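**Student:** Mind having a look at this structure? Questions to follow.
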């Protein structure tokens with residue numbers, strides 16, 4: 001039976017039991033000693049593919065650990081699960097949908113059927129539409145109501161309609177095309193719209209309203225605010241189509257808003273929001289970096305798809321990263337995972353991976369609705385490299401929690417300044433090294449003694465300078481961030497998340513927890529504005545409503 005129809009209790013599998021026994025045997029494992037004993041540990045636990053180099057040697061593992069983890073992947077039927085996803089089986093069981101974001105980066109000649117219909121022609125038809133629109137805007141042929149060319153594009157969307165496109169647009173800023181500036185509007189906070197619109201001219205601004213359903217509250221409120229602003233700045237309803245386009249599966253609602261049908265880019269229900277940057281949701285990416293680079297992004301993701309489907313599990317980047325996450329989360333008690341990019345342009349990758357991982361694997365029931373028997377997705381957090389060293393890295397080094405980390409760093413900078421990049425790269429490596437090595441009590445005392453400190457003071461200070469070490473991390477190195485390598489990097493994390501969901505037996509492609517807050521929000525809003533007099537379901541919420549109503553002006 002398919003894994004998504006008959007979820008397993010992973011804790012009852014022989015492979016899981018073997019890993020528990022192995023975990024007990026690894027209690028005293030020292031990475032420092034492992035490196036000292038094996039001069040080829042780095043070569044054994046590293047690999048290269050799709051323009052990415054992964055060093056996973058600084059982990060609490062040996063070859064037996066890897067073999068046992070791969071055995072777990074085999075026992076849960078991972079190979080069949082991968083085939084199920086790529087072939088279009090309905091693996092999103094709770095919503096009755098296939099999961100085919102990977103189709104968006106497949107070559108035009110491929111065939112893939114959904115409900116008996118080959119979807120690849122439609123996928124490439126939309127890609128051609130994107131190419132045509134981007135060309136018209138970049139060539140100055142798409143003009144606003146005053147016949148001036150478009151200079152600014154504002155993407156209005158939230159969640160997956162925002163985080164992925166923003167990440168890629170900023171990560172590939174060195175590839176930005178001249179003449180058009182791209183902006184993002186996500187939050188319903190009016191201050192965000194105010195600050196953005198203050199620097200725009202309505203006559204040269206194009207808004208992209210990105211919402212699969214075209215009823216996402218934050219997106220529609222911001223779209224309405226943008227339309228009101230556009231009209232107040234001199235635009236007309238008759239010319240609205242020149243300044244508003246949509247990415248949505250709800251064509252009727254977009255037309256009712258004022259878009260022309262030919263300016264509405266479709267979405268499919270087999271593409272989830274957090275996996276949608278490869279679709280027309282990626283239109284602002286194509287506008288920012290050009291369609292040639294956008295297609296390179298897709299191509300890079302496709303190469304990772306191929307690697308994921310064909311590489312043996314012990315040499316498969318997404319699978320190995322997923323298995324390491326299971327190892328720490330389920331056998332070492334880790335509750336969080338840090339993403340630490342040492343690259344200014346990648347500063348938003350943590351936000352995208354937060355949604356990708358936490359919205360996908362933040363689940364507590366199996367595919368059949370029964371409770372899980374073990375912990376699932378971790379908290380994903382982090383931030384840009386050296387800044388974090390002077391903020392939260394302290395907790396990574398000397399805190400009481402085990403928090404595995406991924407370091408991401410390019411070899412070449414787009415903007416070399418003196419020896420800055422050498423120092424940046426050195427900092428990245430030294431942080432992973434420090435997490436692994438730590439500092440013993442003897443080393444701390446010797447260091448203080450060499451500075452001439454007396455023994456009484458050494459005895460007092462040395463315990464504070466001891467760093468446990470043995471903290472695991474992965475290091476992902478790219479020669480230079482490019483569309484192709486970035487596509488591979490993002491796709492790698494997508495597949496990592498999927499692998500973990502298969503092992504835990506959960507559905508990575510729904511997000512029912514998000515819906516409850518939306519439902520309750522309507523009632524809270526009605527009570528805030530006085531259109532609903534009934535009290536809230538609890539005293540705390542009602543008290544906060546009363547506090548707002550007693551003080552709010554405007």
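Cβ coordinates come from backbone N, Cα and C, glycine included.
Dumping what Swiss-Prot says about this protein:
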- 359: active site, proton donor (ACT_SITE)
- 390: active site (ACT_SITE)
- 518: active site (ACT_SITE)
**Student:** Determine, from DSSP, whether residue 518 (active site) sits in helix, strand or coil.
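**Tutor:** The residue in question, residue 518 (active site), is helix (DSSP, three-state).
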**Student:** Any idea what the Cα distance is from residue 390 (active site) over to residue 518 (active site), rounded to a whole Å?
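**Tutor:** With distance taken Cα to Cα, residue 518 (active site) is 37 Å from residue 390 (active site).
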**Student:** Tally every other Cβ atom lying within 10 Å of the Cβ atom of residue 359 (active site, proton donor).
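**Tutor:** Residue 359 (active site, proton donor): 22 neighbouring Cβ atoms within 10 Å.
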**Student:** Could you give the Cα-Cα distance between residue 518 (active site) and the residue listed as 'active site, proton donor', in whole Å?
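**Tutor:** Each residue's Cα considered, residue 518 (active site) and the residue listed as 'active site, proton donor' end up 15 Å apart.
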**Student:** With every protein chain in view, how many other Cβ atoms are within 10 Å of the Cβ of residue 518 (active site)?
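**Tutor:** That number is 10.
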